[in-house]
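One structure is given here, and the rest of the page talks about it.
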């Protein structure tokens, strides 16, 4: 029987002093106290040990350990002592008498403690007066790390503020049995136990990377006990079906100390196989030595294609319409970053969530309260897990309303708020604040300074593509392809999997007849077959069966989807469970329920029809997918006399199609998930261009084909001074390439970073924002929703003007330009009869989208909530961009993606008083950042509504190109030679060698 914890009931015999307000003197105890009952950083031993803390006396003999990495020289006052949050071995189970703890520690204990701290990449912090240990911090150049408030942070753990974690379980089962295996500390266990992810922590300094810690979820998922896990390598999960090639990749990753994310077939203790999405992340010290590995597992058997991943259609394209592995890897990579941060800084979790752990009621009552704060902002969530809840898993959905009972699925696939859940779009008075930026938690989120936060910042600035509109339709439906034998399923929604209990691997490539059973009416089935043969739609009710044999009444609607020629591409099958509305006597669904259900499934089918048209036809050949990239690009009217076009025209006049051989690599400009951008020179000229090269295989595997095709189509439409021109596009055997303008000024993001305070003055913000407004106006007029406005995508031209770039996340729809006649009051009519009223030009994209794309910090609320979005998302992003130019950071940024999304939906907009800004610019940003898109500036009259705001007073919109750029503290071109020594890009040379 596993022992249980027994909290101590013996009260303390000594009373701690209190200050003038009656608060406990915790941080400054009286000098009369020789020592506290529970010394700082000395947690009580777990109840399962039933012995005193041996570290209160001379240290016990320990087995010889591997040498720890060398540490920088510390000051004399930084005395190394063993702290409670290091990886410690089990003390020998013998009775040890308690002795008075003094400041003096044996040298061996000090050396051992410092070694253990070094293995975690940490340093010990001591009190400058007494030399007593005061905490452990991340190693930095200064050698110490203090609390932002100038105080030494302390934390004390007792039996009252924690519960039994999986780490305690694992350690309890091996009491000293594996003395050679270091165990994670109590504080680290406490931090890790707050996460709901399934993961293990392995020791990279030991041979074979033994497991030091396993979460409770790992034991539940695999069926193994802690005694069978701790101290072993994870290979016990492997079996006959585990891919050897994938295992070789994992071994190479571990040897190199790199990250890994992949799906492998593993086996539980009872022999059951399951698909495991494994993400490995290394924990390194400041010298780059790998100390630990975190291995996060997610069982994805329900949603993955599994063995069907490599299944191909006769045309060579994947059998599945969507590649789900790419979706799952994106979410897993983001989720594991939280675990990495917890292992690197175990205390950071409790410090960030429990801002005032020792505050008494009397103290909290005296704190000034903000009248405009929301109730949700006044509550600091607990960082420790308790019976009532816990830290939110980053892969769970965001909910503004109380959550319903979670589904049994092991993976919440979307990881976001469902469309069906209500979103409070009202703007209350507390949404905007003009006070001091004194929220410590917010300040930590908004201004990260540590190395880890900088890594997180780099990740959060990348564009994300989490789901297409099709994937976000949360109804029970499948899509089949009648052009293939037996009309197989090529797409199944997550909701359909939940309803039928089948996994995606089990149904892809199969006909829907597997839902039939003993009581399924064959006459009704014949109606469906006739509709398929005749390519017509039909709506029926029939009994179907789940995988477990449970029957349900299905209101089923079949609808063909036709292409522009009128030929059937797909069949859409929508199911609705009507079992709750069955009349017991007649054993049929109630008539009113049937009518409502039929209307719902038909409406859903229409939405699916529109959504699936965003994707390329699955019956295309791979050559057809990239055919547009081989077309000749024709010159646009406003660019025909420019030097770049004249140079391109000379090549075209020779009759030879432009290809990779016409360009010479100069240097790389950047890289992303699907490709890279290079500076190239047209051979035989001095004309420079930017070439974007995208890997075809990566585009297919990451569901990016339709994005790349849309970007090529969008670039071919553009003819505007604040947007790039497309000069050529071509393909090689492995890549597709786009040739566009090169802008020597670089990114607005880097321009901001070069400024002394990382911000721009208000006149500069006005200049760049005005040009962005004009560029967005043109895009919207062309029916383009940009969807990825951020400083990285605002490039600076040679003359100082801006140009938007990167349209792979943009949406191309239709647009209907309108002329709006302003309404005039009757009293003013007579006065204005002589002057003709100027009509307002408005052109906004007509069709809404619901795909989950954008950049984390710039995504609008309606994208997160799944309510569907229009071009209003670009005006939201403009508000975020202006805020970042003014203050140097975005207003809703969080330490995790989930926190950022929560902030976007809930957090108040605040303008810090540390940087002066006019009322006009604050009002403009506030109106652009309305959570309800119907109330957002630009919704009614488009760009004209934004132009008319008082912040832009004095802007001559017709002659905006003639406006001189503002003077900056650090100029755009700082005198460095633009055409310096040219560096040949090996990657592009290799690409050139493999030209088609």
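Glycine is treated like the rest: Cβ placed from N, Cα and C.
If you check Swiss-Prot, you get these features:
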- 788: active site, proton acceptor (ACT_SITE)
- 233, 235, 238, 251, 266, 276, 297, 302: FMN 1 binding site (BINDING)
- 511, 513, 516, 529, 544, 554, 556, 575: FMN 2 binding site (BINDING)
- 669, 670, 671, 672, 673, 674, 675, 676, 677, 692: ATP binding site (BINDING)
- 49-59: compositional bias 'Polar residues' (COMPBIAS)
- 141-153: compositional bias 'Polar residues' (COMPBIAS)
- 184-257: domain 'PAS 1' (DOMAIN)
- 462-535: domain 'PAS 2' (DOMAIN)
- 1-184: region 'Disordered' (REGION)
- 351-413: region 'Disordered' (REGION)
- 434-453: region 'Disordered' (REGION)
- 806-862: region 'Activation loop' (REGION)
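The structure, with features from Swiss-Prot marked on it.
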residue	record	Cβ contacts under 8 Å, 6 or more apart
233	FMN 1 binding site	202, 208, 209, 210, 211
235	FMN 1 binding site	none
266	FMN 1 binding site	222, 237, 238, 239, 242, 273, 274, 275, 276, 297
511	FMN 2 binding site	480, 486, 487, 488, 489
516	FMN 2 binding site	525, 544, 545
529	FMN 2 binding site	none
556	FMN 2 binding site	528, 539, 540, 541, 542, 573, 574, 575, 576, 601
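Following the DSSP three-state reduction, the secondary structure of residue 233 (FMN 1 binding site) is coil. Closest to residue 671 (ATP binding site) in space, going by CA atoms and restricting to the recorded positions 251, 554, 788, is 788.
Across the domain 'PAS 1' (184-257), the model assigns an average pLDDT of 87. Closest by Cα distance to residue 677 (ATP binding site), from the recorded positions 513, 554, 788, is 788. The domain 'PAS 2' (462-535): residue composition by secondary structure is 28 helix, 14 strand, 32 coil, according to DSSP. Counting only same-chain residues six or more apart in sequence, the Cβ atoms lying under 8 angstroms from the Cβ of residue 554 (FMN 2 binding site) belong to 515, 541, 542, 543, 544, 575, 576, 577, 578.
Take the Cα of residue 251 (FMN 1 binding site) and measure to each of the recorded positions 513, 669, 675, 788: the nearest one is 675. Across the domain 'PAS 1' (184-257), DSSP assigns 35 helix, 10 strand, 29 coil. There are 24 other CB atoms within 10 A of the CB of the residue listed as 'active site, proton acceptor', with all protein chains counted. Non-local neighbourhood of residue 675 (ATP binding site): 692, 693, 694, 695, 698, 735, each in the same chain, at least six residues away, with C-beta under 8 Å from its C-beta.
Cβ neighbour density within 10 Å is lowest for 238 among the binding-site residues 238, 297, 575. Set side by side, the binding-site residues 276, 544, 671 differ in how many other CB atoms lie within 10 angstroms of their CB, and the most is found at 276. Cα to Cα, residue 302 (FMN 1 binding site) and residue 513 (FMN 2 binding site) are separated by 20 Å.
Annotation for residue 669 (ATP binding site): spatial neighbours 677, 678, 679, 690, criterion Cβ-Cβ under 8 Å with sequence separation of six or more. Annotation: 302 carries the greatest number of neighbouring Cβ atoms among the binding-site residues 302, 513 [cut-off 10 Å, Cβ to Cβ].
Other C-beta atoms found within 10 angstroms of the C-beta of residue 677 (ATP binding site) number 20, with every protein chain shown included. The distance from the Cα of residue 513 (FMN 2 binding site) to the Cα of the residue listed as 'active site, proton acceptor' comes to 43 Å.
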